[in-house]
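Taken straight from TrEMBL:
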DOMAIN    A:4-192  domain 'Glutamine amidotransferase'
ACT_SITE  A:Cys77  active site, nucleophile
ACT_SITE  A:His177  active site
ACT_SITE  A:Glu179  active site
Amino acid sequence: MIAIIDYGSGNLRSISNAFRRIGADALVTSSSKTMDEADAIVLPGVGAFGSAMEKLEESRETILENIGEGKPFLGICLGLQVLLDESQESPGVRGLGLVPGRVLRIPPGNKVPHMGWNQLIIKRDSQLLDGVDDEYFYFVHSYHAEPEGDVVSATTDYGIEMTAVIEKDNIHATQFHPEKSGEAGLDILRNFTGIIKA
Amino acid sequence: MLAKRIIPCLDCDLQVPNGRVVKGVEFKQIRYAGDPVELATRYYEDGADEIVFLDITASHERRETMTHVIEATTENVFVPICVGGGIRKPEDYVKMLKAGADKCSTNTAAIKNPDLINEASELVGSQACVVAIDAKRRYIDSPRESDERFIIEVDDGYCWYECSIYGGREFTGIDAINWAMECQERGAGEILLTSMDRDGTKEGYDIPLTRTMSQNLDIPVIASGGVGRPEHIYEAFTNGMADAALAASIFHFNEYPVPVVKEYLRSMGVPVRI
C-alpha cells in the first residue's frame with residue numbers, strides 16, 4: 001500500500017485517482033501508523049513552503065524515520081522543494097533537510113509561475129524516468145530547487161535550466177505533476193511502483 | 001521549451017441531471033453539445049492540455065452538480081482541470097480543489113470583491129486562482145481621449161476594452177488591462193481573456209487585445225473568444241503572444257479535433273505537446 005500524505009494541502013484526489021488508474025493500492029492518510037505500515041510514501045503538495053512545513057510538523061518525524069529506513073519516497077512539486085534546507089519563499093523556515101540545498105525564486109525574464117507543459121533534459125540513468133524521451137510533463141511552480149551534490153536526474157529548460165527530478169537513494173521527487181501529465185505522467189507513477197516492488 | 005497549451009472549454013448547463021454542455025453565440029443563442037464527463041474524457045484522450053468547465057447556470061444548488069461532474073471527470077482525466085462559474089468565496093475554491101479541480105476561475109465575484117483574489121491565492125496558491133475577464137471594445141475618436149485607460153489601435157480605429165460581468169449582461173466601466181494588472185498584483189496566477197466582440201463569431205481571437213494583455217502581464221494569458229480555424233490559434237500564439245488558447249465549438253462539433261489543431265501548429269513551428 002502507498003500512503004499519500006494528507007497535510008491539508010492541495011488536490012489529493014488526483015494523485016489517488018492516478019494510482020488507482022494504474023492499479024496501485026494507494027491511501028490518502030495523515031496517520032503515522034498508516035505511513036509506518038505503508039510500502040511507500042508519497043508527499044504531494046501545492047501552496048507555500050512555509051505553510052506546508054507548518055502543516056507537516058506533526059508528520060515530520062514519521063516521514064524522516066521511514067525515509068531513513070529506506071522506504072521508497074516520492075515527492076511531487078512542493079513535495080520536492082520541502083526536501084531541501086530552505087526556500088526564498090518562506091525565509092527562516094526549515095525544510096526537511098534530506099537533500100542539501102536551497103529553493104530560489106524563478107528569475108525574471110519569463111512568466112512566473114512556470115505553468116504548463118515542458119520537456120525533460122535527462123541527466124543520468126534513472127528507473128523513475130525509464131522510457132522517457134521527448135514527452136511533456138505538467139509544471140506549475142514559482143520557485144525552483146537548487147540542490148547540492150549529484151542528485152539531479154533531469155532538468156527542464158525555462159530560460160534557465162531548472163531542477164525537474166531529484167533522486168537520492170530511496171528518495172525520488174519530481175517538480176512536475178505526474179498525476180496531471182497525461183499518459184507520460186502515469187508511466188512515471190508506474191515506474192515508481194516498479195521501484196517499490198524491486 | 002514550454003509548450004503552448006490548447007484548452008477545450010465546456011460551457012455547462014447544470015439544470016439537467018449530470019449537466020450538459022452547451023455553446024452560445026456572442027453570449028446568447030444556445031446549442032447542445034453533449035455530456036460534460038464524456039466530452040472531457042474524449043478531449044483528454046485527444047491530447048487536450050487542460051480542460052475548463054464553465055458553469056453557465058451558476059446557482060448555489062447547481063454547484064453540487066458541478067462537484068459531481070468534476071469528481072467523475074478526474075477519475076479518468078489526468079490533465080489540469082479549471083472550474084469557473086459560481087466561485088464566490090475562498091471556500092468555493094477549496095471545495096472544487098477537493099473535488100479534483102486544479103484551478104478555479106472567477107469573474108463577477110472578483111470585480112465585486114477584489115479581496116477575494118488575495119484571500120483565495122493565500123489559501124490555495126496563485127496557481128489555482130484564474131481571473132476570467134470578458135472584454136468588450138469601446139471605440140473612441142482619438143487615441144488622446146483617455147486618461148488612465150489603455151487605448152489600443154485596432155484595424156478600424158482606436159478603442160479601449162471594458163470589463164463585463166454577469167455573463168455579459170452588465171458593464172462596469174473598468175478597463176480590462178488595468179484590471180488584469182491589479183489581479184496579478186493581488187495574486188492571480190493566470191488571466192482567461194475572452195473577447196465579447198469575437199465570441200462565437202469564428203472570425204478569430206481579438207489579437208490586439210490579447211497581445212496588449214500579454215505584454216503588460218508577467219502571468220500567463222489564455223486567449224478566448226472567436227476561434228474558427230487552427231490559423232486563428234496560430235495567430236493568438238504568435239502575434240497575440242498568448243500562452244494558451246481556449247476554444248469550444250471547433251472541438252465540440254468536431255470541426256477541428258485537438259490532434260488536427262496540434263499537428264498544424266507543430267508544422268508551423270509552434271511548440272505543442274503531441
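Just so you know, glycine gets a Cβ as well, placed from its N, Cα and C.
In sequence order, A:Ser14, A:Ile76, A:Cys77, A:Phe137, A:Tyr138, A:Phe139, A:Val140, A:Gly185 are the residues near A:His177 (active site), counting only same-chain partners six or more apart with C-beta under 8 A. Contacts of A:Glu179 (active site) defined by a Cβ separation under 8 A and a same-chain sequence distance of 6+ are given as A:Ser14, A:Ile15, A:Asn17, A:Ala18, A:Pro44, A:Ile76, A:Gly185, A:Leu189, in order along the sequence. Cβ neighbours within 10 Å of A:Cys77 (active site, nucleophile), excluding its own Cβ and spanning all shown chains: 26.
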